[in-house]
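Participant: Dropping a structure here in structure tokens format, bear with me for questions.
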Amino acid sequence: MGSSSSSFPPRNIYLDVDGKVQKVVFSRHCSPCDIKELLCSSSNLPRNSAIKIVNPEGAMVSIDATMPTNSPNFLYKVIPLSTGQSEEREDMFQSVLSQVAEQFTRAFRINELKTEVTNRLVALEKRVEMEGLKVVEIEKCKNDLRKLRDEVTSRGGSRVNCSCKYNFSDDGKKVTPRRDVPTYPKYTLSQETIEALKKPTFDVWHWEHNEMLSCLEFMYHDLGLVKEFNMNPIILKRWLLAIQENYRNNPFHNFRHCFCVSQMMYGMIHLCNLQGKLTLTDLGILMTAAVCHDLDHPGYNNTYQINARTELAVRYNDISPLENHHCAVAFQILSLPECNIFANIDPEAFKKIRQAIITLILATDMARHGEILDGFKQKVDHFDFTNEEHVLCLRRVLIKCCDISNEVRPTEVAEPWVDCLLEEYFMQSDREKSEGLPVAPFMDRDKVTKPTAQIGFIKFVLIPMFETVMKLFPQIEEIMVQPLRDSRDHYEELKQLEDSMTEESSFMSRLRKDLKSE
């Protein structure tokens, strides 16, 4: 990422050395000292000789990277300065240096400053050493606590719950993130990257976490959200870091998935020209809900939470336990002063924004898919952007589109996500089998394949939803809907290939059996 530096052609100088033409080439980035050494070497003089350059007219030529070029017909001559001149100039230079050094010493008391700086460095080193010891002690205490918790859990003999980074105390007080938020380097996005970010074809696999954080930060600035909500840019950085910290390293529901959904939301905002149709508050709600929508996802879905009677399912009465937890963690983070990007807005405005973000995150529960899509279908043919209820329906459908939009992307970007999702599904089904819980066929490693997992989902969930959105935004057909149709055809071809191979294998098996019986 970043802008490339411009390149400069080298400079050519022609010298008269003992009656012969000597060509000297150097870069514009060379220092005068480097150029002098090069000219001395070319003129068979010691490298540290004091020299001057004159042209055929006897005029002196400056020795630096900007010196005028000449031609073989207009040769420069290198003339060494006499020893006396050189020594005289050296003595004068040393005298001036001594006077300047003495004046600086008097003016700034350099010796006293050196002593003070040394003392401060020693004090800081001691402090760092003490802080380091504290960190070691804290980590030791954390390890002891983990061991104690594991021991208590094992003694209890109950089923292991899906743990959460956030624990909610009985009095409802907030807790802080599991460790301090560090800083991350600032990346300068190239114009090519900025344009790519606005498109569904963006390849999310080529970016490290720090780069994804910088991209998210850019999106908030580019959409005008930092200015609209009077966000402190440093707090925006801390908030994004806290968000990243609270996504687990699951195969699928991880920080890269968060970035993927947020980038698709940013892309749809540009593709559908939502900046000209919705308010900046609406855009802020959409982006923030996308960023927070899967916070602290444990890698096991709502069905598992409810069947296993986990802490989350009990807490939220089996009603969208994961989505409720994502909301709770999101606002736990925002409740920290150092992470509150909405600190500078009116409390009443924040209350509305909070409710809107919660509504969108809860809308990502696939159990509510039919209800939400049907509500939007009833309004899409006579949609009114000035009607709050219509806009709410649109926001819910948009976050749903972005949340499950992987198949909109090019095959080489989308297909690895299928592998990640199946890996997470298989982890859950293996655990369900070991705990004697019901296993969904589409998550069972013994029953599902990549084509069977995708065909029904694309045909009956993705395409109908995106085609409904296409009625309001026809421009998405080529860029988003057609790739879904292509993906469906791709997996149907794979399914046919799988079926034919299975049939062939079955036929060969029967044939071998018949031959053995004969």
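Here the Cβ of each residue, glycine as well, is placed from N, Cα and C on the backbone.
Feature table excerpt (TrEMBL):
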- HIS253: active site, proton donor (ACT_SITE)
- HIS253, ASN254, PHE255, ARG256, HIS257, ASP294, ASP403, GLN454: AMP binding site (BINDING)
- HIS257, HIS293, ASP294, ASP403: Zn(2+) 1 binding site (BINDING)
- ASP294: Zn(2+) 2 binding site (BINDING)
- 177-498: domain 'PDEase' (DOMAIN)
Participant: Would you mind checking how many other C-beta atoms are within 10 angstroms of the C-beta on HIS253 (active site, proton donor)?
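Facilitator: 25, counting other Cβ atoms within 10 Å of HIS253 (active site, proton donor).
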Participant: Give me the Cα-Cα distance between HIS253 (active site, proton donor) and GLN454 (AMP binding site), rounded to a whole Å.
Facilitator: 18
Participant: For the binding-site residues ARG256, HIS257, HIS293, work out the Cβ neighbour count at 10 Å and name the residue with the minimum.
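Facilitator: Per-residue Cβ counts within 10 Å for the binding-site residues ARG256, HIS257, HIS293 bottom out at ARG256.
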Participant: Near GLN454 (AMP binding site), how many other Cβ atoms are within 10 Å of its Cβ?
Facilitator: 25
Participant: Please determine which of the binding-site residues listed here (ASP294, ASP403) has the lowest count of neighbouring CB atoms within 10 Å.
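Facilitator: Output over binding-site residues ASP294, ASP403: least Cβ neighbours within 10 Å is ASP403.
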Participant: Output, ordered by sequence, the same-chain residues six or more apart from PHE255 (AMP binding site) with a CB under 8 Å from its CB, or 'none'.
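Facilitator: Spatial neighbours, sequence-distant, of PHE255 (AMP binding site): HIS209, MET212, ILE243, GLN244, TYR247.
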Participant: Could you tell me the mean pLDDT over the domain 'PDEase' (177-498), as a whole number?
Facilitator: 95
Participant: Relative to the Cβ of ASN254 (AMP binding site), which residues of the same chain, six or more apart in sequence, are found under 8 Å away?
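Facilitator: Listed in sequence order: TYR247, ARG248.
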Participant: Quick check: which same-chain residues outside HIS257, HIS293, ASP294, ASP403 lie with their CB within 8 A of the centre of the Zn(2+) 1 site CB atoms?
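Facilitator: Sorted by sequence, the hits are HIS253, CYS258, VAL261, ALA290, HIS297, THR364.
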Participant: What whole-number Å value do you get for the CA-CA distance of ASP403 (AMP binding site) and HIS293 (Zn(2+) 1 binding site)?
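Facilitator: Cα-Cα distance, ASP403 (AMP binding site) to HIS293 (Zn(2+) 1 binding site): 9 Å.
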Participant: Could you state, as a whole number of Å, the largest distance between Cα atoms of any two of HIS253, ASN254, PHE255, ARG256, HIS257, ASP294, ASP403, GLN454, the listed AMP binders?
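Facilitator: Looking at HIS253, ASN254, PHE255, ARG256, HIS257, ASP294, ASP403, GLN454 as a set, their Cα atoms extend up to 23 Å apart.
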Participant: What's the CA-CA gap between ARG256 (AMP binding site) and HIS293 (Zn(2+) 1 binding site) in angstrom, rounded?
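Facilitator: Spelling it out, the Cα of ARG256 (AMP binding site) and the Cα of HIS293 (Zn(2+) 1 binding site) are 13 Å apart.
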